[in-house]
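**Student:** Below, the features straight out of TrEMBL:
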- B:1-26: region 'Disordered' (REGION)
- B:16-26: compositional bias 'Basic residues' (COMPBIAS)
- B:32-49: transmembrane segment (TRANSMEM)
- B:76-271: domain 'ABC transmembrane type-1' (DOMAIN)
- B:80-102: transmembrane segment (TRANSMEM)
- B:114-138: transmembrane segment (TRANSMEM)
- B:144-165: transmembrane segment (TRANSMEM)
- B:186-207: transmembrane segment (TRANSMEM)
- B:253-271: transmembrane segment (TRANSMEM)
Amino acid sequence: MSRPEIRVSGLHKSFGDNHVLRGVDLEIGRGEVVCVIGPSGSGKSTLLRCVNLLEEPTRGRVFVGGVELTDPDVDIDAVRRRIGMVFQQFNLFPHLTVAENLTLPQRRVLKRGKAEAAKVAAENLERVGLAEKADAYPSSLSGGQQQRVAIARALAMDPEVMLFDEPTSALDPELVGDVLAVMRMLADEGMTMMVVTHEMGFAREVADRVVFMDGGVIVEDGSPEQVIGAPRHERTRHFLSRLLDPAAAEVGEKTSDRVGTSG
Amino acid sequence: MADTEKPPLRPEGLQPRKKGLTRRQKQRLSRGVQYAVFVAAVAAFAVAADWGRLRNQFAQADIAERMFPDVITLALKNTVLYTVTGFTVGLVLGMVIALMRLSSVGPYRWLAGIYIEIFRGLPALLIFIFIGVAVPLAFPGTEIVGGTYGQVALALGLVAAAYMAETIRAGIQAVPRGQMEAARSLGFSPARAMVSVIIPQAFRIILPPLTNELVLLFKDSSLVLFLGVTLEERELSKFGRDLASQTANSTPILVAGLCYLLITIPLGLVVRRMEAKAQEAVK
Ligand SMILES: Nc1ncnc2c1ncn2[C@@H]1O[C@H](COP(=O)(O)OP(=O)(O)OP(=O)(O)O)[C@@H](O)[C@H]1O
Ligand SMILES: [Mg+2]
């Protein structure tokens with residue numbers, strides 16, 4: 001690994017008294033795909049949102065592509081252009097058509113001309129297999145289609161890094177596959193990706209590394225075969241067993257499963 | 001209830017009543033009484049009213065005829081003009097105040113809050129008098145651009161801005177937080193995200209209450225009456241009143257009133273249509 005594309009060091013984040021991240025160190029190399037797993041409330045989303053500074057870290061430093069985001073003097077809008085983010089709830093702009101969702105950020109943020117923005121939008125809709133939906137409004141699309149549009153919207157900005165926060169958790173099971181296929185394509189193309197997910201199949205097959213978080217720290221970090229196949233820590237084992245067999249959990253047990261409020 | 005059945009074990013109060021009126025009978029009786037009162041009131045009015053006199057006072061065809069076309073080309077036109085300019089001033093000012101109210105800078109928030117409290121608490125009439133009388137007295141030599149038209153636009157705008165600011169603020173806050181986050185993650189600055197993403201959505205949410213505000217302003221524009229306007233600047237209320245005192249007859253008031261309804265009723269229907277649509281979209 002040469003210079004890491006994403007570097008997080010000594011990251012702490014508190015919401016009031018709630019100390020959510022308690023010292024996270026993480027490096028992700030260029031072209032690497034890292035899946036972040038862990039129980040609800042362990043701080044996965046918060047970590048991801050700290051990487052593009054949607055949340056302001058309480059302490060610690062974040063670098064993306066060699067630029068320090070936590071530097072108070074950095075032009076945060078300029079750095080964010082290089083970091084695409086995909087949300088659990090899609091967050092498409094409902095008042096715009098699919099094509100406009102892709103062209104508006106290009107034109108307003110990157111100052112691309114009308115023709116160029118339209119061309120890039122069309123290319124990216126093609127990539128996610130939704131070229132024919134260009135003139136539709138997001139509300140008329142299925143969840144899976146909306147999420148693919150959201151990915152295309154992020155890609156249209158030519159990001160160097162993509163962040164995914166549980167991109168398939170809000171989808172009906174039969175729609176998950178289409179979105180994962182697009183993400184797999186991106187991984188194959190060499191995109192640097194940080195993916196919070198509960199899709200163990202995806203993590204096992206696509207990820208270069210899997211990171212297990214619990215209680216605001218990284219408990220285990222290694223290859224998918226190691227972390228998922230042969231976890232070293234009891235907490236990882238417990239989490240994975242609950243994930244594979246949710247029915248085994250007992251009432252009142254401190255849950256380590258995927259169900260719960262997600263942020 | 002079948003009487004043959006063994007009564008279930010219930011406390012006394014919950015037993016079906018055997019005596020007196022049933023609920024349905026009571027409802028029927030109550031409705032019958034209401035209709036009877038209504039019919040009696042209409043009949044009493046029809047008998048007691050002096051129809052000839054009323055017709056003479058309110059529906060003299062020749063007086064009504066004399067009002068045209070001025071009531072439309074002058075009075076209604078001015079009413080619309082006052083309303084639209086006032087609404088525009090109110091919208092711009094209201095937007096500024098709403099954004100101040102949402103600002104992270106404390107003094108902006110307080111200032112906006114004070115403005116809203118003051119101008120929502122004062123009668124619109126007082127603000128008209130303030131603009132028409134107090135301002136020229138306090139700052140002699142200053143002139144509000146546009147003469148009466150400018151004064152009315154300002155007075156109506158000041159009143160409307162306080163209400164609209166609250167409406168716009170509510171609209172902005174009703175846009176899901178994820179929209180701002182998505183825009184920021186794409187590299188939008190906060191201001192640009194507000195303009196390109198949040199405000200367009202907020203306006204779709206608040207279109208019905210804003211249209212309602214337009215209806216209210218339409219009626220409030222009648223307060224121009226108190227500004228001392230020239231003949232050409234008269235709007236519906238002043239026009240109607242002047243003619244009513246000239247002719248010593250109330251027909252002009254009726255005609256002016258109908259002209260207001262000509263605008264307000266369709267606007268009201270539009271608002272209700274929009275609200276119904278919004279309701280459907282939520283489902
Ligand atoms: N904006 C916020 N304000 C206050 N508390 C927050 C905020 N965002 C997250 N938290 C808290 O931080 C903790 C970690 O939340 P986070 O969303 O990072 O967990 P997560 O690992 O992503 O969980 P999930 O799998 O449910 O999405 C939770 O206790 C949550 O209540
Ligand atoms: Mg989360």
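From the backbone N, Cα and C atoms, a Cβ is placed for every residue, glycine too.
Give me the structural setting of these features: burial, nearby parts and distances.
**Tutor:** Within its own chain, the transmembrane segment (B:80-102) has Cβ neighbours under 8 Å at 108-109, 111-113, 115-116, 149, 152-169, 172-173, 194, 210, 213-214, 217-218, 220-221, 224, 235, 263, counting only residues six or more beyond its boundaries.
Using a Cβ-Cβ cut-off under 8 Å and counting only residues 6 or more beyond its ends in the same chain, the transmembrane segment (B:114-138) has close neighbours at 97, 101, 144, 151-152, 154-156, 158-159, 161-163, 165-166, 220, 223-224, 226-228.
Away from its own ends, the transmembrane segment (B:186-207) comes close to residues 99, 167-168, 170-172, 174-175, 179-180, 274, 278 of its chain (Cβ-Cβ under 8 Å, at least six residues beyond either end).
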**Student:** Which residues of the same chain, at least 6 past either end of the transmembrane segment (B:144-165), have a Cβ under 8 Å from a Cβ in it?
**Tutor:** 81-83, 85-95, 97-98, 101, 112, 115-116, 118-120, 124, 127-128, 130-132, 135, 210, 213, 216-217, 220-221, 223-224, 227, 229-230, 233
